Every structure is written in structure tokens, then in C-alpha cells.
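S.K.: The active site, proton acceptor annotation in Swiss-Prot covers Asp194. Sequence annotations record features per position, and here Swiss-Prot assigns ATP binding site to Leu78, Gly79, Ala80, Gly81, Asn82, Gly83, Gly84, Val85, Val86, Lys101. Annotation comment: Swiss-Prot describes 72-370 as domain 'Protein kinase'. Annotation comment: Swiss-Prot describes Met1 as N-acetylmethionine, evidence class similarity to another entry. Sequence annotations record features per position, and here Swiss-Prot assigns phosphoserine to Ser23, Ser222, Ser226, Ser293, Ser295, Ser306. The phosphothreonine annotation in Swiss-Prot covers Thr395, Thr397, and the record cites similarity to another entry as its basis. Feature annotation from Swiss-Prot assigns region 'Disordered' to 282-310.
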Amino acid sequence: MLARRKPVLPALTINPTIAEGPSPTSEGASEANLVDLQKKLEELDLDEQQRKRLEAFLTQKAKVGELKDDDFERISELGAGNGGVVTKARHRPSGLIMARKLIHLEIKPAVRNQIIRELQVLHECNSPYIVGFYGAFYSDGEISICMEHMDGGSLDQVLKEAKRIPEDILGKVSIAVLRGLAYLREKHQIMHRDVKPSNILVNSRGEIKLCDFGVSGQLIDSMANSFVGTRSYMSPERLQGTHYSVQSDIWSMGLSLVELAIGRYPIPPPDAKELEASFGRPVVDGADGEPHSVSPRPRPPGRPISVGHGMDSRPAMAIFELLDYIVNEPPPKLPSGVFSSDFQEFVNKCLIKNPAERADLKLLMNHAFIKRSEGEEVDFAGWLCRTLRLKQPSTPTRTAV
């Protein structure tokens, strides 16, 4: 069983969001909260645009008040998975568009109340790299978690349109994920526990944010029996049931980056034919320049994937075969010749099987790939809007390739 965490910062009482009755706030208390919040924002290393956007979100949030089921108008479904369904909804009293995650749980009232209480720590998670939180409440057998709506969706959805995500774009993704993980760890002593493409959200302003991190131990425990996955982003040490730490999140990030770069979940690794279909030319394997193996391999678990002009007809890897592969076989890697050596080395450092030898957050933040990516002007918003055919609200910089 996962250990319970306790919030390390005093809760920000911006607004009452537990559906057990609103708590009155005075004008003086609101001003004190804003001063407290201002101090917390000053502690973060934000540029002017990030600070203004975060302040704008928190100003909107302060006007929301108590969240109730009757106040929401469902617009569309955004996605499903991880034990819940996420819908795009309008909060009628405020007029705000939110992402509302509904999790159906057969639980006792005491457990439900504990989950709602534990979720309140999300009010303290104010970062440009963390999806904004409006509140959580319980209604008709469902926990509702109300979040900032990200109009670009998740990176697994973006990947379906893009087919592969360019290295310079993934550089910006890597920076955001590392900074988000560092924020959770340093400011709140929280591990994410579920880093994967579907939990990295993007929007047409070019923001990249983490969502669905393990803030509620009780919710994790309550959902454990209902989770059935076809892919795993868990580290070898976590799959083996041994002690794990933020190093496990780093493995998950590395695996996600390989998937986004090559266009599909990377276990088992693609063979030469599949890589040639994906990249449009023969791809070499490793530093020795040898071609990738042409021997047929099982395809990744889940639905068949498109290869070239047809569907992949290889037998799917069973989930137990996948987990065994992660634990016992060599880790995935990026193919040579199509990515920079810096990017390849960065991913390799994330995917070292021994967590004691795996790179930590500090080392990765100082890696040459990250330093190069920080210095590059990449129009992430423009690339995303072209890929998803979204209207772009921001000013482009350099066109991403």
C-alpha cells in the first residue's frame, strides 16, 4: 500500500470547492490570500508571460465559488481512461470552460470525504507546468475533479494527428515535464506516479502541462482494483514491487519521449521495415551503423497500428509478455541517424534499468539536450495549431520543422 502524504504547505483558501457547504470568506481574508499567493508566485522562476497567465487563472478561479453538479453543462467528451471519463463542460455561474473528470467509485462516505480532502492539496499546485485545478466534489456516486481546459488535448491525441513529433518540439516537452516534476517534488514532496503521453496536456498558447499526478493516496488505492491497462509506462523497479521514487517518473518520461519520437509505443522495438515505413528511409541501429533487425517481432499491445499502406498483422504482445519484457529485456532507445546524439543520450540516461544509475532531475536539467532546447526559439504553439487545425492566439516565433 502506498504511503500517505501530508501537505507541506498551508492550503490556499481561495474558494470553497468541497460540496459539503460553502465556507464564508471576508474581504480581508481574500486580500490576505492574494498576498500569500503573490509571495508563492514570487518564489517560482517565472517569466512575465507565465506570471500574468497564472495570475489570470487564479483571478478567474477566485470567482468560481462552490462547485455543484447542477451548475455544469456538458459540451463534449475529451477522453476516457485511468478509471474515469473527461468531459469538456461549461460552468454556468462563471461562464468558464473546464475539463471535468468523473470517476465512478463504489466507496463508503468516509473514504469519499478523505479523497475530496486529499485532493484539496491541488489548490496549492500553482505552476506553469501543472494543469490548473478549480476544485473537486462528490455527486451521485462520482468524484468530479474540475481542471483547466487545455484545447490541444493530450500528447497521445496529438501524436495520432502528427504521426511523429519532431525533436525540437520534444525538447520543449522535455523541459516542461522536468520542470513540472521538479516543482511537484521540491514544493510539495509529491511524485507524479503516472507520467505518460496522455497525462501531458498542451494548448494553443504553447503551454505544456502535467495532469493526473498521485496527490491522493486514498484515490490511488480505491482505483487500484479497477485499472486495466494495455500499455505500461512503469519502471522495472516499480513493476517488480520494490521501492520506487521520482526516478520511476524519469523512466516513464524517457519511454514517453521514445514513443512520441518514433510514432508508437516502443515495446517491443520496431524492426527495420517498420522504421523505414515511419521515417521514409532505412534506419541504422546503434553507434556501429548496423541496420535494424528485419526479423518479425510481436506488435505492441492494444489495437493494430498502421504500417505503411496497410494494417499491422503481427500478433499482439500480451500484457504479461510486455511487463516481462520491460523487466528483463534491454530498454528501448531511439534509432540512430534520425535524431541528434544529444537527444539519444538524454533518453538513454532516462531509461537505465537500475534506478540508482538512472539520471536524476538535476542531472537531466543540466544535460546538453535540455540546454540546447532552452536556447532554441521554437514555435510550439504554431506547430500544434497547424497539426490540430486550431486557431492560434499567440504570436509565432520560429517555425518548427
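Any Cβ shown, glycine's included, is placed from N, Cα and C.
Tell me about the surroundings of these features in the structure.
M.R.: DSSP gives Asp194 (active site, proton acceptor) a coil state; it is part of no helix or strand.
Annotation note: Gly84 (ATP binding site) sits in a strand segment as assigned by DSSP. For Gly84 (ATP binding site), applying a Cβ distance below 8 Å and a minimum sequence separation of six or more within one chain yields Lys101, Leu102, Ile103, His104.
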S.K.: Name, in the order they occur in the sequence, the residues of the same chain whose CB lies under 8 A from the CB of Ala80 (ATP binding site) and which sit 6 or more residues away.
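M.R.: Spatial neighbours, sequence-distant, of Ala80 (ATP binding site): Val86.
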S.K.: Among all the protein chains here, how many other CB atoms are within 10 A of the CB of Asp194 (active site, proton acceptor)?
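M.R.: Here the count is 18.
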S.K.: Pop the mean pLDDT for the domain 'Protein kinase' (72-370) in here, whole number is fine.
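M.R.: Summing pLDDT over the domain 'Protein kinase' (72-370) and dividing by its length gives 87.
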S.K.: Cα of Asp194 (active site, proton acceptor) to Cα of Leu78 (ATP binding site): how many Å, rounded?
M.R.: 19
S.K.: Of all the binding-site residues here, Leu78, Val86, which one's CB has the most other CB atoms within 10 A?
M.R.: Val86
